[in-house]
Amino acid sequence: MQASIQRKASADPTADVVFETRELSRHYGSGDTLVKALDQVSLTIAPREFTAIVGPSGSGKSTLLQLMGGLEAPTAGEVYLRGQAISAMSGRDLSDFRRDHIGFIFQAYNLIPVLTAAENCEYIMLLQGVPKAERQARVDSMLNRVGLSGKADRRPAQLSGGQQQRVAVARAMVSQPDIILADEPTANLDSQTGSDLLDMMHELNRREGMTFVFSTHDPMIMERASRLIQLRDGRIESDEVRA
Amino acid sequence: MLLLRLAWRNVLRNRRRTILTLLSMVGGYVIVTLVLSVNYGSYDQMLEQYTRDSIGHVQVTADQYLDRPRLQRTVPVDESLRGQLSQAQGVRMLTPRLESGALAYGEERSLPVEVRGVEPDQEDRLSRLSNRLSAGRYLSAERDGHGQHEALIGARVARQLDLEPGADLVLIAQGADGSLANELYTVVGILGDTEAVESRWVVLPLAAAQDFYVLPDQAHRWIILGDDFQRAERLAAAVRSSLAGDANWADNALQVSPWQVVAREFYETMQADQQGGMIASYILIFLVCIGVLNTILMSVMERTGEFGVLKAIGTPPHRLFGMIVLETLVLATLACGLGFLLAWPINLWLTLVGIPMSEPIEVSGLYFSHFRGRMSWDMFAIPTALVWFTALLVALYPATRAARLTPLDAMRRL
């Protein structure tokens with residue numbers, strides 16, 4: 001199984017690999033209390049993939065997403081994004097790298113409550129040093145694409161859960177990252193809202209070629225995923241690429 | 001701009017807490033402003049009186065006279081120099097003074113005294129000497145009916161030598177030429193009381209003092225008064241410029257000194273005392289700081305999860321640090337603005353009207369009847385700088401704490 005998963009792994013960055021993990025492990029505790037949250041996981045993610053990482057609770061899917069996003073350091077192994085080793089970075093380099101290359105969507109939306117929908121999207125571009133006029137244009141365009149053009153001036157508390165998650169998608173995409181990592185993005189939404197949100201993300205994936213990686217339990221995501229990676233006990237149990 | 005907006009909205013997030021913190025900061029600002037103002041205002045009153053009544057704003061003396069006064073270290077008293085000094089920009093009044101010591105005799109006793117030779121009318125205009133008379137009348141430059149010059153004496157001289165207005169006073173000293181000087185004067189008035197600065201003075205008309213010490217057309221100081229004792233340095237510079245063509249000035253025989261140099265020890269003691277008076281303000285600001293620290297720290301701890309998200313999406317540590325500092329400075333700026341609006345009219349009233357005392361108090365021979373403030377930019381600039389600096393200081397810990405958060409650990413607190 002591991003061999004088949006590594007079919008696209010390579011040492012050099014190539015145009016058809018966005019993400020790569022090699023022998024990635026994350027262990028907690030030691031001795032008798034050692035927990036292998038992730039154990040020697042190797043995989044590659046190609047551009048335009050709409051990948052779902054699934055598995056029971058404790059299988060390691062959130063840990064994998066956190067390691068891929070550089071939010072946590074691995075115990076062993078490497079994470080590469082466009083050929084750059086994330087696991088070797090720290091401090092400001094890692095912050096800058098996350099800002100420029102990775103978009104995050106969280107289960108609880110995690111928008112900045114004192115900023116409007118537009119400002120939440122604008123914030124990350126401000127960090128990138130994007131000029132004001134361009135920021136404005138990209139925010140307008142992005143909110144339009146996620147169906148929130150009339151709600152740009154609303155703060156998160158004035159939006160529904162689904163709308164907040166759309167803002168989160170817009171925030172993740174507006175910085176033009178290489179990949180979007182979404183951790184249980186529909187878990188706090190009712191099924192209809194979740195389905196609409198997924199349709200929107202799927203559409204963005206198909207139309208704009210944005211690469212998505214989900215960590216999820218949600219069957220709706222699994223149905224739409226172009227690739228399904230099943231984790232169990234910190235190891236990849238199956239990796240299914242769909243037509 | 002977005003960062004400033006973010007900081008502003010974060011400040012307004014918990015309005016009740018922000019208002020309470022603001023109140024303490026504004027209170028601190030206002031109190032520090034008023035303490036400063038009354039502190040400086042009191043010193044202003046003291047210095048205004050002291051320079052006006054005693055040493056003037058600027059003095060022209062012979063070189064080294066201030067450090068080592070000697071009878072022979074004199075300045076000329078002539079119309080040429082008087083004219084040059086009068087023409088200096090900012091000079092309002094001036095008068096020469098001759099100063100030395102002598103032994104004074106009454107009927108039965110003698111007493112060492114400080115002799116001052118003055119131009120009676122000019123001196124009175126400048127230092128209001130006649131206001132300090134406690135008995136008799138003010139001095140005239142003319143000789144009396146017996147051909148004697150008149151003299152004013154201090155209260156201690158009057159008591160020790162048992163002299164009253166109308167009595168004869170004998171002075172003995174050494175003249176500038178080494179001769180023994182002795183002369184008889186008629187006491188016309190007594191100055192102050194036995195505790196006053198002038199209690200050991202004997203004030204003579206300048207011409208009489210010049211005769212006595214054999215210093216024709218000489219004195220020891222030109223006392224110059226400008227418009228404001230605080231501008232003494234500028235006045236001294238103007239006087240120096242006006243003397244540029246003077247031969248004595250060219251020979252470095254003259255020295256122009258503002259009152260801060262003339263009364264250096266007094267000035268330094270006063271400055272030290274002023275700093276001492278500020279200790280209460282520093283303590284107050286420290287207490288306000290603890291309150292502000294509490295607010296900022298609470299705010300940071302409450303938003304730990306949010307900071308985790310900000311870091312996760314790429315906010316570098318220094319940006320997060322800057323954000324917390326900016327929020328604190330927004331709070332401080334707001335406090336300073338409100339504090340200024342509140343303190344300004346109170347300070348204006350204190351300066352113009354003041355708080356009357358039930359009885360005038362006496363400090364080193366100077367009398368005060370009101371607590372008064374000082375209306376100047378530094379009365380507001382110092383508290384502003386203090387509030388800003390301390391706000392910055394208290395923001396450092398919470399800001400560092402936020403900057404050091406690891407995104408994942410922080411997000412677990414959401």
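Counting starts with 1 at the first residue shown.
Heads up, the Cβ atoms here are built off N, Cα and C, so glycines get one too.
The annotation domain 'MacB-like periplasmic core' is assigned in TrEMBL to B:18-240.
Annotation comment: TrEMBL describes B:278-407 as domain 'ABC3 transporter permease C-terminal'.
Under the heading transmembrane segment, TrEMBL lists B:20-40 (among others). Long-range contacts of the transmembrane segment (B:20-40) within the same chain, counting only residues at least 6 positions beyond its ends with a Cβ under 8 Å from a Cβ of the stretch, are 274, 277-278, 280-281, 284-285, 287-288, 291-292, 295, 331-332, 334-336, 338-340, 342-343, 346-347, 350-351, 371-376, 379-380, 382-384, 386-387, 391.
Per TrEMBL, the feature transmembrane segment maps to B:279-300 (among others).
Look at TrEMBL and you will find B:320-342 (among others) tagged as transmembrane segment.
Among the features that TrEMBL reports, transmembrane segment is placed at B:380-399 (among others).
Mean pLDDT of the predicted structure over the domain 'ABC3 transporter permease C-terminal' (B:278-407): 86. Remark: secondary structure over the domain 'ABC3 transporter permease C-terminal' (B:278-407) totals 97 helix, 15 strand, 18 coil, with classes taken from DSSP.
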